[in-house]
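Data first, discussion second: the structure below is written as structure tokens.
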Ligand SMILES: Cc1cc2nc3c(=O)[nH]c(=O)nc-3n(C[C@H](O)[C@H](O)[C@H](O)COP(=O)(O)OP(=O)(O)OC[C@H]3O[C@@H](n4cnc5c(N)ncnc54)[C@H](O)[C@@H]3O)c2cc1C
């Protein structure tokens with residue numbers, strides 16, 4: 001791919017996806033580069049089955065469904081989308097940045113919007129010898145689909161909100177759900193903990209998984225040891241879901257030849273979402289500014305700011321942003 005784009009969005013999480021759509025609506029020639037095999041960022045990779053309640057216009061929407069809607073919105077415009085395309089280097093300057101991916105693909109862009117979230121992330125793994133043998137078969141770090149757990153006995157390991165969410169989501173589908181945490185108190189919000197306690201989920205605390213192996217009947221035998229105690233218990237389950245959070249870093253970004261200023265691994269931006277590199281804006285979980293919230297809704301607000309101000313810099317002769325209805329009507333008219 002050796003094309004010149006107006007805008008390149010690096011990172012295809014929810015915020016990058018919305019930015020790409022918005023840039024398309026502003027008639028920009030856009031590409032969206034994502035390192036993972038699918039778009040959707042944390043929402044798709046970490047909590048596709050979780051209900052999200054704080055997206056404007058949706059009283060409740062599953063992560064997976066939100067990504068589907070964002071994908072449908074993206075398809076309104078001819079945006080070049082490249083997955084499995086982690087950006088390994090950026091050189092050049094405003095008007096002619098050169099972007100290289102790990103695959104060796106090179107493209108050129110007048111401006112860039114960095115939407116890499118907290119970086120290439122992966123779940124914090126279960127530190128038990130041989131656990132990786134069961135990965136994606138009986139040991140999961142996210143819930144690929146609820147149906148995969150129908151009528152199964154499942155243990156969820158973890159004590160935060162998302163571990164509790166997972167246990168509660170599995171409860172109506174699975175035969176029996178256990179949740180295990182290394183402390184007696186869960187870290188989740190009070191409301192979630194109340195729901196958990198009122199549910200049929202069996203709580204096992206304070207325990208840690210010390211060993212696991214496959215039984216003759218195909219189930220997993222979990223050897224659990226009491227934290228600061230001697231008690232040991234064995235539990236046979238069909239599946240183990242581990243939710244110990246995730247590790248993310250922006251090391252790839254720091255290796256770019258043209259890299260924006262960062263503080264504590266987050267990109268510092270001004271009120272227009274500009275980094276200290278002219279022509280390079282940043283949005284979403286990748287950034288920090290006083291009062292920044294790590295929420296999808298905040299990122300959705302930052303995206304039009306970044307797109308509009310970059311477009312005004314690139315094309316000062318073009319009119320300021322119009323309302324979406326006018327832009328869609330104008331496009332329909334131009335296409336006639
Ligand atoms: C368990 C959990 C529950 C949550 N619940 C909510 C909620 O209910 N409501 C809410 O508003 N928020 C919630 N959040 C936070 C929300 O998911 C994030 O705020 C949101 O995903 C940020 O979107 P983003 O697009 O900025 O970043 P991300 O979703 O992190 O996406 C960034 C993307 O960039 C890609 N990338 C990274 N580096 C590169 C590179 N070098 N080249 C190409 N691509 C790259 C990554 O692979 C990733 O796909 C939750 C988060 C978690 C973990």
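Glycine is treated like the rest: Cβ placed from N, Cα and C.
TrEMBL labels come from automatic prediction, so no person has curated them.
TrEMBL has this to say about the protein:
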- 5-309: domain 'FAD/NAD(P)-binding' (DOMAIN)
- 34, 42, 47, 87, 121, 285, 325: FAD binding site (BINDING)
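Features recorded in TrEMBL, as mapped to the structure shown.
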residue: 34; record: FAD binding site; DSSP (3 states): coil
residue: 42; record: FAD binding site; DSSP (3 states): helix
residue: 47; record: FAD binding site; DSSP (3 states): coil
residue: 87; record: FAD binding site; DSSP (3 states): strand
residue: 285; record: FAD binding site; DSSP (3 states): helix
residue: 325; record: FAD binding site; DSSP (3 states): helix
| query | In sequence order, which residues at least six apart in the same chain have a CB under 8 Å from the CB of residue 285 (FAD binding site)? | reply | 13, 15, 42, 117, 118, 294, 299
| request: Determine the minimum-neighbour residue: among 42, 325, listed as binding-site residues, which Cβ has the fewest other Cβ atoms within 10 angstroms? | output: 325
| task | For the binding-site residues 47, 87, work out the Cβ neighbour count at 10 Å and name the residue with the minimum. | result | 47
| Cβ-Cβ neighbours of residue 34 (FAD binding site) (radius 10 Å) | 25
